[in-house]
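**Student:** When I checked TrEMBL for this same protein, it listed these features:
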REGION    B:1-20  region 'Disordered'
DOMAIN    B:215-275  domain 'CBS'
TRANSMEM  B:300-320  transmembrane segment
TRANSMEM  B:326-353  transmembrane segment
TRANSMEM  B:374-397  transmembrane segment
TRANSMEM  B:403-427  transmembrane segment
TRANSMEM  B:439-462  transmembrane segment
Protein chains: 2
Amino acid sequence: MVDETDQPDLEDDRDDDAYELDEDAVDRIIEAVEAGNQTRLQEELEPLHAADIADLLEQISRSERRDLILLYDRDFDGEILSELDDSLREEVIGILHPEVLADAVRELETDDVVDLVEDLEDEQQEAILGALEDSDRVAVESSLTYPEYSAGRLMQREVVMAPEHWNVGEAIDYLRDQDDLPEQFYHITLVDVRMRPVGDVTLGKLMASRREILLTTIVEDSFHVIPVNQDEEDVAYAFNQYHLISAPVVDEDERLVGVITIDDAMAVLDEEHEEDIMRLAGVGENSLSDKVIETAKGRFPWLAVNLVTAILASMVISMFDQEIAQLVALAVLMPIVASMGGNAGTQSLTVAVRAIATKDLTGRNVWRVIRREVLVGLINGVIFAIVMGLVGIFWFGGPELGYVIGAAMVINLVVAGLAGTVIPVLLERVGVDPALASGAFVTTVTDIVGFFAFLGLAAVVLL
Amino acid sequence: MVDETDQPDLEDDRDDDAYELDEDAVDRIIEAVEAGNQTRLQEELEPLHAADIADLLEQISRSERRDLILLYDRDFDGEILSELDDSLREEVIGILHPEVLADAVRELETDDVVDLVEDLEDEQQEAILGALEDSDRVAVESSLTYPEYSAGRLMQREVVMAPEHWNVGEAIDYLRDQDDLPEQFYHITLVDVRMRPVGDVTLGKLMASRREILLTTIVEDSFHVIPVNQDEEDVAYAFNQYHLISAPVVDEDERLVGVITIDDAMAVLDEEHEEDIMRLAGVGENSLSDKVIETAKGRFPWLAVNLVTAILASMVISMFDQEIAQLVALAVLMPIVASMGGNAGTQSLTVAVRAIATKDLTGRNVWRVIRREVLVGLINGVIFAIVMGLVGIFWFGGPELGYVIGAAMVINLVVAGLAGTVIPVLLERVGVDPALASGAFVTTVTDIVGFFAFLGLAAVVLL
């Protein structure tokens, strides 16, 4: 009934390791696997949540994973597959005996099956669809007709609804009579005669209201209808922005076709954030379970782009090779200007990318934000110019080099603020994800401007 | 009842601008404010959700904001304050007439008031607490006794509970009899005689079950108890990991003291992600509504750290000033090696920081991950070494410079993979947020190693 191991360890209260897998337990599990002791393995895994077992599988080695799955055998739960990282699913499905896989999949809700099969190769997809009961398979296949990453893929098809003219008593009697209510539901959706959703009533309100009260008088203030083709990123945004718990999904004719609940929206929000962080760092799709070759492939494109931009910056430097030969201190100091510009540009672009994602940076305030970023670059540029001027005096014995590096610093930090805001905004306008591409453009600009400003000023002023 | 403007525009389906504020509407609102037309302003704002009005206030200028708030006057809703960015709350509270503020605050749930007042200065905090009814003020003050960012600050104190021995009929009759059920609740929490929570029953299950069924037989599988002092970041993790909808909060004696619902956990997850992204970019606490001086201050520390590390790298370069004077091509090419290392290091560290946050990188797999990152650095290093070797031949007419830059590239990309993983792991072990500090350390390492390897090898091989 109640899972004893889920009781929190109160000693651990503010410990960062809360919810981390217990190392001793993992050791015991691996020992059981190595000893081929199925009973002990089952005992150790029994109290764990499927999500934790999936995490465990992600953390152990490939051969341990294989042995564990084969030994665990029929106890392998469909939910573990659901919780598993995409990169490991094909491997694990390949290890499972066909009957175990079939049993595991049959336990899942249809929306979890959709999530499971959508990224699999045809052969594995067919194996799983074939294992389902007919009605479930039809439901899954019909969900797969909606675009990837759309509300249609995310929704559950079982909706608890009531005609808009009912009162509380009628709704309660109806619910009490139903045999096949969904496992999880929190609202009753009111629909008009054309099956268009007009409001949600929470079960709590239903419980708290007298039988003769009309349902339409106790609907939620925050009612939001999601179009079935809407991008799941926007769905997650709507849940977060309007504090929705569940929302009806409608087709092109505004008829109710499903419902999305907040736990699915939260999972999407988490994935979207992960994607943003990874894209900002130029990592692409990546997980800790990826193999070496896949990881190297995933990292390659961004490094290749960076190589091109670094060569462009080097070409700027080579324009000044005579000046550098005359005054080697220029070569020593030039990376400082470029590096400061790169960092300031990354700061501005991260703020801009995030603000675009949260829909806070719009046509209305874009000029105000650009002005602010430029002013911030100017202020910090002047401060660091003074610092570097002083460093120049002490390091190279004279103020002239300090003036030059200071002036170049101011120019580059102003440009960084400008480029760091304008570039993501422009990329978004032309339909490119600013998280993915802004970094390369912005650091190219700050490298080139940094080297050119410093070396060019030096050429004019010093030589 | 049902908000007409909340109906989605189906034309917009897969449009990125879904949920962005309608520019025309914003124009009309600003016109109404400029014309001092209170009725038109109220008409325009009436259909908007409080979260959207808050977004609007964040996007317009300071003077427009002031005029709008004063004209909107008594219609100003407490929820708008709740939804507003922290950086604007003090400004807006300062503009509101004291009576308007008092009315606005009295409409809010106590957990929203806690969220509102916890970051305010004493004077404004007292103004708001003073406006509350006595019972609400006591509840808010008692929440404020829990540590910041703890479960205690996040929870609602109104919990719907039932003794564990009840059956479905008793629970339903009890709920139907209650006069003051909370606005939003989805579970009944079962408690033992010592008020310790033992399980959750969803209202849906309650509705679907026969009256004589014991509540203990229909509790949720996924039941999780949150200690009142647990960090809110861990609370959000638990909701996401175990797909919780709500969870009871317990004190040191394991007695039920409140409940946290998934919508609050989702908001925390969103904030934590924002913090991670901003910290990785060295931006610190930042919002689009911050003023220039605050923003410049927030950006300054990371730039200062970067200046120090850039100077360290420059010192490495200055060790080779004679070699550079002999062969200026070294100065032209050296930033390429450092830049590639910096990017590869950022890739590795972002993956590591994210994996630490999701508790996927642990003592068990850290060596496997380090080995993988080093191998990835080696593979990509070799590929880019070959590319740069060829570039060297064509650009500088001979293979030797190509060999040197290639070898330096391999070394720096291997070091980048190593440092990018080891540094965040070590920082986490000593209790420093790896998102905050890893970047500075990793790029220092890749800059220094990059310059040293390239210039050092060149000194030995070429000169």
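Even glycines carry a Cβ here, placed using N, Cα and C.
Note that the structure is predicted; figures quoted are calculated from it, not measured.
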**Student:** If we skip the immediate neighbours and take only residues 6+ beyond the ends of the transmembrane segment (B:439-462), which ones have a Cβ under 8 Å from one of its Cβ atoms?
**Tutor:** 280-282, 302, 305-306, 309-310, 312-313, 316-317, 319-320, 323-324, 327, 330, 333-334, 337-342, 344-346, 348-349, 400-401, 403-405, 407-408, 411-412, 415-416, 419-420, 423, 427
**Student:** Using DSSP, how many residues in the domain 'CBS' (B:215-275) fall into helix, strand and coil?
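**Tutor:** Helix, strand and coil residues of the domain 'CBS' (B:215-275) number 29 helix, 14 strand, 18 coil.
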**Student:** Determine which residues of the chain contact the transmembrane segment (B:300-320) at the Cβ level, with the cut-off under 8 Å and only residues 6 or more beyond its ends counted.
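**Tutor:** Residues packing against the transmembrane segment (B:300-320) from afar: 282-284, 330, 334, 338, 440, 443-444, 447-448, 451-452, 455-456, 458-459.
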**Student:** So what's the average pLDDT for the domain 'CBS' (B:215-275)?
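**Tutor:** Taking every residue in the domain 'CBS' (B:215-275) and averaging pLDDT yields 93.
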